[in-house]
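**Student:** Pulled these from Swiss-Prot:
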type: CROSSLNK; residues: Lys238; note: SUMO2 cross-link
type: CROSSLNK; residues: Lys575; note: SUMO2 cross-link
type: DOMAIN; residues: 333-577; note: domain 'NR LBD'
type: MOD_RES; residues: Ser185; note: phosphoserine
type: MOD_RES; residues: Ser203; note: phosphoserine
type: MOD_RES; residues: Thr208; note: phosphothreonine
type: MOD_RES; residues: Thr210; note: phosphothreonine
type: MOD_RES; residues: Ser568; note: phosphoserine
type: REGION; residues: 1-166; note: region 'Required for interaction with KAT2B'
type: REGION; residues: 571-590; note: region 'Required for interaction with NRIP1'
Amino acid sequence: MATIEEIAHQIIDQQMGEIVTEQQTGQKIQIVTALDHSTQGKQFILANHEGSTPGKVFLTTPDAAGVNQLFFASPDLSTPHLQLLTENSPDQGPNKVFDLCVVCGDKASGRHYGAITCEGCKGFFKRSIRKNLVYSCRGSKDCIINKHHRNRCQYCRLQRCIAFGMKQDSVQCERKPIEVSREKSSNCAASTEKIYIRKDLRSPLAATPTFVTDSETARSTGLLDSGMFVNIHPSGIKTEPALLMTPDKAESCQGDLGTLASVVTSLANLGKAKDLSHCGGDLPVVQSLRNGDTSFGAFHQDIQTNGDVSRAFDNLAKALTPGENPACQSPGESMEGSTHLIAGEPSCMEREGPLLSDSHVVFRLTMPSPMPEYLNVHYIGESASRLLFLSMHWALSIPSFQALGQENSISLVKAYWNELFTLGLAQCWQVMNVATILATFVNCLHNSLQQDKMSPERRKLLMEHIFKLQEFCNSMVKLCIDGHEYAYLKAIVLFSPDHPGLENMELIEKFQEKAYVEFQDYITRTYPDDTYRLSRLLLRLPALRLMNATITEELFFKGLIGNVRIDSVIPHILKMEPADYNSQIIGHSL
């Protein structure tokens, strides 16, 4: 029976490369022969071959003076980990090891996050995991990832990193531990640290903020002593030791264009200086989440013209994957009814037929993926941005809203985006895990209470706002409101004629009355035995006016887009074509 060496010499005599199978073990062997006799140093490029399994590759000189064996440590021969064992080679001396990146095949620099990779793939994986970036593939999710094409598809590159053993947990665990001073409780995080909540959001422990013990909760003043956050802080539940981590500093926010949240961030970076709000002396509540990351807050760029911002937004919008969900249909695409001109108002149209159709009941929100192991400010900001975009798209899908004209539409959304967003929070209460998000905010205020980084007045104001959100969402959940009812409540809020500066207020008021009549008819048909249901639902709307839009921005968006105001982003959102919305935003039915 021929040995491996004998088989190798047979192939060498033929002066060619060939794949053979050892009869004794059934192992695949690839023999590659160097044809150049004069060259001392040889470079061998291994080609992937079908049907191959982990085995040996013999690299030899034509005269068989030196035999090099390459052992595969990875089952995928397209990106092998190569160990070169040199025999009879005086130049190379003892055995040497040459590693190739398991992801792209470039020269590896060592083991990173559980896999042997190059510096490029190491940095790419680290940025993707730490920023919780979500990528999309424009192909069939099987793009070629090698040294020269690894930057063409970030989605396939990240999937390949994970498939070859790069661990997301390793990225989190390599961060430096937080040093806590002796004067402070060991269970309290500094106000400049990042706070994380457990990944298992359905667990009872998920609703308990990290670093808040029962004794610390008892020491809290004002609203906390009154038991307002009893649903956020379940009694008798103890938290396990949590992991504190710090984000990368001064890393550019070149996020994935496949998420609408990245559009908000990218557009915010191009915002004009006049759109930046003036910060007061108090630190924002998300300061403890942002951990001093200047990539979101420092927007001291050159002043951009409106044309520059519009062109940049158009380019970003074109990069989004078109959605295929019925909720992404163009406004009025499947609507019934007609429009006619109102006497004396040639520029405005009033729509005949129902104000809302069944298509407006659809309100599906998909959370960012992959889900981070620890809830952080970037994930909260991305989730809130998706909800904001989805709410704007819902308004755009109403033909009567479009009939008001662009200026009126923008004015209405600027005036009532906070109310629409809050209704969306209540509607997506479970999908977004709003209770856990609010718990994170409360945790930050606990930290500021310990560190004395915020004035008592400011802290009280923020606590009151969080409580209002909690109370409103809880009351809406208890009412078991269906999709039709949420749609009519949003329409009544959207078509509110009492905002100063609006034109065609009579038409807006007619649309609101129409929404109310249709709402009443729906409840009468659907809940004939619940006489006071309509009244109970309408009485929840005044609570929306108590929500401060500026504080909502600070809680949900400031950690993602810095000082850029939502008002400056809304006109660009409303100018987007519905077909340009990313299908990733729409998926799971509520």
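In case you wondered, yes, glycine gets a Cβ from its N, Cα and C as well.
Keep in mind that what you see is a predicted model, and the values were worked out from it rather than measured.
Each of the listed features needs to be described in terms of its position in the shown structure.
**Tutor:** Its own atom aside, the Cβ of Lys575 (SUMO2 cross-link) has 14 Cβ atoms within 10 angstroms in the protein chains shown.
Ser568 (phosphoserine) counts 19 other C-beta atoms within 10 Å of its own C-beta, drawing on all protein chains shown. Reduced to three states, the DSSP call for Ser568 (phosphoserine) is helix.
On the 0 to 100 pLDDT scale, the region 'Required for interaction with KAT2B' (1-166) averages 63 in this prediction.
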**Student:** What does the structure give for the C-alpha distance between Ser568 (phosphoserine) and Lys575 (SUMO2 cross-link)? Integer Å is fine.
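**Tutor:** For Ser568 (phosphoserine) versus Lys575 (SUMO2 cross-link), the Cα atoms are 13 Å apart.
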